[in-house]
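The annotation site 'Transition state stabilizer' is assigned in TrEMBL to 18. Here TrEMBL flags 23 as active site, proton acceptor. Residues annotated as substrate binding site in TrEMBL: 75, 81, 88, 102, 103, 112. The annotation active site, proton donor is assigned in TrEMBL to 101.
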Ligand code: DQA
């Protein structure tokens, strides 16, 4: 069974309460439950982790590699724009990472237009709300299907 890690970075624990006009009204708990259930429907195991701490996110990426996670769906929050440590952690593992942003970062402040993570990510989804996480799951599912053909 394919195992996927959904990783959320700083401030995403406050989803639903935090700037709902930008990030929507769904809470992180709702999002995590939804992803776990969607995973079950697709015969995929989804495990979830959120942290406000850069080092903990890096540790999780290393752990994903060591525990043979098949793919990571990762919203690094503001770390996206400046964390070379997170960028290097992704570059240093073979496990594919799809970068997800709830908001359309390219329509927002200029500092959000740059992602230091994107060059080492498998792909990026931005601006589609929490649907972006679901689409990332679908992408991993289809990719696995291709390998089986
Ligand atoms: C975000 C966009 C980032 O710029 C911001 O710092 C976040 C959330 C998003 O999901 O749209 O925390 O990653």
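The backbone N, Cα and C atoms fix where each Cβ goes, glycine too.
Neighbour counts of Cβ atoms within 10 Å were compared for the recorded positions 18, 81, 101, 112, and the top value is held by 101. Of the residues the record lists as binding substrate, namely 75, 81, 88, 102, 103, 112, the two whose Cα atoms sit farthest apart are 24 Å from each other. According to DSSP, residue 18 (site 'Transition state stabilizer') is assigned to coil rather than to any helix or strand. According to DSSP, residue 103 (substrate binding site) is assigned to coil rather than to any helix or strand. In this structure, residue 81 (substrate binding site) is part of a helix by DSSP.
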